[in-house]
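All remarks here apply to the structure that follows.
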Amino acid sequence: MSADREAVLELQGVQFGYSSRPVLEDIQLSVAPGSFLGLVGPNGSGKSTLMKLLLGLLEADEGTIKLFGTPVQSFRDWNRIGFVSQKAGSFNSGFPATVFEVVSMGLYGKIGLFRFMKKKHKNRVMEALRLVGLEEYSGRQIGMLSGGQQQRVFIARALVSEPELLILDEPTVGVDADSVRNFYELLKELNRNKGITLLLVTHDIGAMSDYVTDVACLNKCLHFHGATGEFISNKDEMMRAMYGHDVSVIEHNHDHGHHDHHHDHDRSEAVK
Amino acid sequence: MIDVFFQYDFLRYSFYTSLMIGILAPLVGVFIVVRRLALLADTLSHITLTGIAFSMMMARYYPAFAAINPVYTGMGFAVAGSLMIEQLRKSYAYYKELAIPVILSAGIGIGVVFISLADGFTTDLFNYLFGSVAAVSRNDFTAVAVLTAVVSLLLLLFYKELFFLSFDEEQAVLSGIPARALHLMFIVITAVVIGISMQIVGILLVSALMTLPVAAAMRIAASFKQLFLFAVLFGELSVIAGMTAAFYADAAPGGMIVVINLLILGAVLSADRFLKRKEKPVWTSS
Ligand SMILES: Nc1ncnc2c1ncn2[C@@H]1O[C@H](COP(=O)(O)OP(=O)(O)OP(=O)(O)O)[C@@H](O)[C@H]1O
Ligand SMILES: [Mg+2]
């Protein structure tokens, strides 16, 4: 990719293992500004681990990771990056905080120590809530929202500091199929209209490929990285390489138990 | 009824002190409850007792030591204990909760040895355990007032960071909040608040004053800010009513304050049930 603008994200020869056994091997990845990258891979393939490396929560054993051209070790501009963790929804649902208060947290880093929320910050919070369509829920307790709405709250929290890159680790787990579609529409809109670069980790290859501009397939190594069209035309081959099984097993893997097997199968047929 | 507290100096300063702990204990208690650190508060209060016992033992053998108010020795021990807990939590990264029983038993065990080496159970010790309506002198009160101001200021200054850390530590760290330093500051604050509160409510019941008002407030607060508001309101109510009742019944204030807190909690719970508030989520029943 010969981008004239610097890559938002640049990984070179990245290797990592929690113990001596490597979880990620020789990862090369470059994300251009304005793209919407879908990162797929089976359970345990190292997707969340890769996100933690990107965010500096873990340190790579080998290779370099650059965020906006700066090595992750010396990167300090965390406000430029929004992150919604795979675990975001697993907070204590009895926590007595309102939607407004939760979204406000996204500004705390930007506001800084020894400073307080001001009127303009409050307006920003309301704006972020408007963006995800939860304006009228601002005074509700977070635990009283549905799973899909809570996901939107966490997106709003990630968006409120106006990041240039938004990283989402399986944000649609436990969200019903209709909401998933709406959710992807929202992401697409953020990507198109706000120019936010998106990195979406997901299992849901079928639905995702209608929305993303690029796809990366991970299973310890990066098996594919390219434009969505290219991914779709080589999908079966890719799947086999990534999962090491035939395709019927994959369909099974994607069955989250919410939607039935048939439905899932039909959808991925349609994608081809 | 309350005016009796203003007729005698020794009562007045205790009363002022209790007004302050009625604010401080629930303020700190909110974070203790939402971060599930109630056991930490209990542990620190037991270590405070160890420090007090140490002070009494030293006073017996070295009379010069008697000049130091045992409460400060207690606070010192609690701060040291909280640092040890942090150290142990690092050593047992995967069994962090183990640090609590280790320090708790160490505190009680060593405390009991100190108590035996001092005079055994004296009235003084009894007062530290269960609290006293007349524990605070004018000088002590000055210290209490200063500490109250410092603690409140710190909690206000770091409100947003402590809130974020309580809700989602990983994200908080990601956004650049210095989690370790703040956690350390918070347990030192807790140790100090325990030291202050202990004089009125007693060591055994300090954590009750930190958690019971919050437990009641949880049922009605619609936001995190409201949680503070209600917790402090209930805390103050329990302290004023408890102190008054303790004085007239000649009972230990700690027990009375806890009883009032339980009444408040009971009232809130039954009102909650009675109104069957639809707005409340499922968690309230668990
Ligand atoms: N904290 C950890 N300590 C040791 N091993 C870990 C840890 N976290 C993950 N692993 C291992 O690293 C590998 C990759 O895990 P990771 O969570 O990155 O997978 P993933 O692709 O995100 O999976 P999923 O789709 O289930 O979210 C797995 O084999 C897992 O067992
Ligand atoms: Mg994962």
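Just so it is clear, glycine is given a Cβ too, placed from its N, Cα and C backbone atoms.
Taken from TrEMBL, the feature transmembrane segment covers B:13-34 (among others). Long-range contacts of the transmembrane segment (B:13-34) within the same chain, counting only residues at least 6 positions beyond its ends with a Cβ under 8 Å from a Cβ of the stretch, are 2, 5-6, 40-41, 132-138, 140-141, 144-145, 148, 151-152, 155, 162, 166-167, 186, 189-190, 193, 196-197, 199-201, 206, 209-211, 213-215, 217-218, 227-228, 231-232, 234-240, 242-243, 253.
Annotation source TrEMBL lists transmembrane segment at B:39-58 (among others).
Look at TrEMBL and you will find B:64-86 (among others) tagged as transmembrane segment.
Same-chain residues lying 6 or more positions outside the transmembrane segment (B:98-121) and placing a CB less than 8 Å from one of its CB atoms are 39-40, 42-43, 46-47, 49-50, 53-54, 56-57, 59-60, 77, 81, 84-86, 88-89, 92. Look at TrEMBL and you will find B:98-121 (among others) tagged as transmembrane segment.
If you look up TrEMBL, you'll see B:141-159 (among others) marked as transmembrane segment.
Residues or ranges marked as transmembrane segment in TrEMBL: B:171-194 (among others).
Summarising the annotation, TrEMBL assigns transmembrane segment to B:200-220 (among others).
Cβ atoms under 8 Å from those of the transmembrane segment (B:227-249) belong to residues 1-2, 4-5, 11, 14-15, 18-19, 21-23, 25-27, 29-30, 133, 200, 209, 212-214, 216-218, 220-221, 255-261, 264 of the same chain, restricted to positions at least 6 beyond its ends. Feature annotation from TrEMBL assigns transmembrane segment to B:227-249 (among others).
The transmembrane segment annotation in TrEMBL covers B:255-275 (among others). For the transmembrane segment (B:255-275), same-chain residues at least 6 beyond its ends with a Cβ under 8 Å from one of its own Cβ atoms are 130-131, 200-201, 205, 208-209, 212-213, 215-216, 219-220, 234, 237-239, 241-243, 245-246, 249, 284.
The transmembrane segment (B:64-86) makes contact with the transmembrane segment (B:171-194), as judged by at least three Cβ pairs under 8 Å among residues 6 or more apart in sequence.
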